[in-house]
Amino acid sequence: MTSRPLILGSSSIWRKQVLIDMGYIFKTMSPDIDEKAIRDSDPKTLTLLISRAKAQALLKRIKESDDELDKKSIMICSDQVIVHNGVIREKPETEQQCREYLQSYEFHPAVAVVSVVVVNIETGKIVEGTDIATQHFKKISDEFIDKLIKQGDVMHCAGGFTVEHMADFTLQLEGEVETILGLPKTLTKNLISQVSQ
């Protein structure tokens, strides 16, 4: 744990839940950057670049604000893509694209690549890392896909799926479920520890 206040630079309900489950008390701030303006063909590089951009956008906002507590905080920003059969997938842009994503996971697993940037705002120390987890699926029924898309959550998730809604269709998981959710538990804890020293 850390004695400093924590800021999660994300509006993701799944990342929030991971931090809550880890026992942290924190506030959230949304970076509001144009992620599509940042491109790279390597998933690790792409997620690191986007995570850094989120952190820089929030750092600028915090430094310009009058909130002294924020200026003494530790900030966590992360980004996730899903790699499917060598192709990077971000959030689906249409329901049809989401449907195609979900139908494809029985043939190749979803590989979550998540980069995390942690900043000690007061000292300026920045650390970062990347974690990978692979989720295998069995065939997802068309009826269930319709239901998922109608609920809407999957439209806001890299790769167009949420493991917590798809337990009946998941097979082997290699790595941490928190990485699939968008915030690797072990990596995040280690990075927070590094900037807290």
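Cβ from N, Cα, C; glycine included.
Feature annotation from Swiss-Prot assigns active site, proton acceptor to D79; the stated evidence is similarity to another entry. Cβ contacts within 10 Å of D79 (active site, proton acceptor), excluding its own Cβ and spanning all protein chains shown: 27.
The feature site 'Important for substrate specificity' is assigned by Swiss-Prot to W14 (among others). Non-local neighbourhood of W14 (site 'Important for substrate specificity'): C157, T162, L181, G182, L183, each in the same chain, at least six residues away, with C-beta under 8 Å from its C-beta.
The feature site 'Important for substrate specificity' is assigned by Swiss-Prot to Q80 (among others), with similarity to another entry given as support. In sequence order, T47, A112, V113, V114, S115, A158, G182 constitute the residues six or more apart from Q80 (site 'Important for substrate specificity') in its chain with CB-CB distances below 8 Å. DSSP classifies Q80 (site 'Important for substrate specificity') as strand under the three-state reduction.
Under 8 Å, Cβ to Cβ, and six or more positions away along its own chain, E164 (site 'Important for substrate specificity') finds L181. If you look up Swiss-Prot, you'll see E164 (among others) marked as site 'Important for substrate specificity'.
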Need the DSSP three-state call for W14 (site 'Important for substrate specificity') to compare against my parser. helix
